[in-house]
Amino acid sequence: MKTLLLTLVVVTIVCLDLGNSLKCYDKLKKEVTCPEGMKFCHKDVLPATHGNSVLVMGCTYSCGLGPRNMCCSTDLCNK
């Protein structure tokens, strides 16, 4: 009985991911787990030459300012 209870506790901890790791999309739109301390996902559109733009996405420590910056704090919110 104790073994079953211990097994259930371990499974619960693994499933809940008590580390509270944030997940964001990177520039290739793949899911990545953010390192500890990075509490935000971001998506920045940077102007480039000839009317093109560069998309930068991923985890960040803080949110940038500007009309082309998007920052959020929930899993996979920077799509």
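Even glycines carry a Cβ here, placed using N, Cα and C.
In the disulfide annotation of Swiss-Prot, Cys59 is paired with Cys34 out of the candidates Cys34, Cys77. Swiss-Prot records a disulfide bond between Cys63 and Cys71, which is the match among Cys71, Cys72. Within 10 Å of Cys72 (disulfide bond), judged by CA to CA distance, lie the following disulfide-bonded residues from the set Cys34, Cys41, Cys63: Cys41, Cys63.
Annotation: Cys24, Cys41 are the disulfide-bonded residues among Cys24, Cys41, Cys77 whose CA atoms are within 10 angstroms of the CA of Cys59 (disulfide bond). Of all Cβ atoms in the protein chains displayed, 18 besides its own lie within 10 Å of the Cβ of Cys34 (disulfide bond). Listed in sequence order, the residues of the same chain lying 6 or more apart from Cys77 (disulfide bond) and placing their CB within less than 8 Å of its CB are Cys24, Cys41.
Sequence-distant contacts of Cys71 (disulfide bond), defined as residues of its own chain at least six apart whose C-beta falls under 8 angstroms from its C-beta, comprise Phe40, Cys41, His42, Thr60, Cys63, Gly64.
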